[in-house]
């Protein structure tokens, strides 16, 4: 098992020590709690992130924002999908029972998720900052193709960094530097928009801030206790703290869909449409796109309407002699749900 997964028993077994029974019971409680937490991560993480992948990847108009959230959901989904192995380990109260290959895969996915998530969140923060500071430049250069390439690049960089298995590297590159960049971006954003009123169009911004805050709250204790492993503090204290902080970090992979749901629901207005439509508006760059991206699964089908061309006669001319509505500028077919950005 990887270095962070090879944890000795929290409290020595009575077979190897003269410790009393309460210590063994405390260890068993930790195993049960960990198994429950990992089970929740698996259930909520796979279902919630699977829904986000389905929405942003297959049911919505592709935008820069949907690309960011899609990649974030993919990272969390992969991590949550492998939690059953950890559940079995905790339920058996034993060492890793699935062999070295699956152990390495577990560590690989764990740190790939950590780096990919924090790098994507950093990218989102820089993107939002540029939209506020240089809106014209951003609108001219911010494209779906560019966002896709940047997202791919973040995965490549995450793969590179997850192979650097040292505490200082993980803390610096996986937490400290991204936290500094993200904090700087949102301080700049706050200074620019502090005098503006919030509106329903701020849903994407709000969910991004909540998602970033949740990531750092969940992962900060984990990095702290990783550092404390090399300290002179009592080992029992460090082991307990590490187990608890690991569970908190794992929970982060299933929290984002819950945030999306509540933000979409809290901003929902009567008559706005289904909750699914409201959740879509959380991810859109333009809040009006959510209504335009509703699919046939929501029982809203708008047929194509044929427009007739009326040729101007002599009585329908401007005094200057030109036709009021030149037919060459009139479309023959138009869609009732055509989107201006499509």
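Note: Cβ is positioned from N, Cα and C throughout, glycine not excepted.
Quantities reported herein were computed from a predicted structural model and do not represent experimental measurements.
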(request) Quick one: sort out which of 4-23, 244-263 is the transmembrane segment according to TrEMBL. (result) 244-263
(request) Using TrEMBL as the reference, determine which range in 90-113, 114-137 is annotated transmembrane segment. (result) 114-137
(message) Check the transmembrane segment (244-263) against the transmembrane segment (29-55) for contact, please; criterion is three or more CB pairs under 8 Å, pairs 6 or more apart in sequence.
(response) yes
(request) Test the contact criterion for the transmembrane segment (205-224) and the transmembrane segment (149-169): 3 or more CB pairs under 8 Å, pairs 6 or more apart in sequence, then answer yes or no. (result) no
(message) Below 8 angstroms Cβ to Cβ, which residues of this chain, lying six or more residues outside the transmembrane segment (114-137), approach it?
(response) 64, 68, 71-72, 75-76, 147, 150-151, 154-155, 157-159, 161-162, 170, 173-175, 178, 181-182, 185-186, 188-189, 192-193, 205, 208, 211-212, 215, 219, 249, 252
(message) Out of 29-55, 67-86, 175-193, what stretch is closest in contact terms to the transmembrane segment (149-169), meaning most Cβ pairs under 8 angstroms?
(response) 67-86
(request) Mind checking which residues of the chain, 6+ beyond the ends of the transmembrane segment (67-86), have their Cβ under 8 Å from one of its Cβ atoms? (result) 34, 38-39, 41-42, 44-46, 49-50, 52-53, 56-57, 98, 102, 105-106, 109-110, 112-113, 116-117, 120-121, 123-124, 127, 144, 147-148, 151, 154-155, 211, 250, 252-254, 256-257, 283
(message) Looking at the domain 'G-protein coupled receptors family 1 profile' (48-260) alone, can you tell me the average pLDDT?
(response) 87
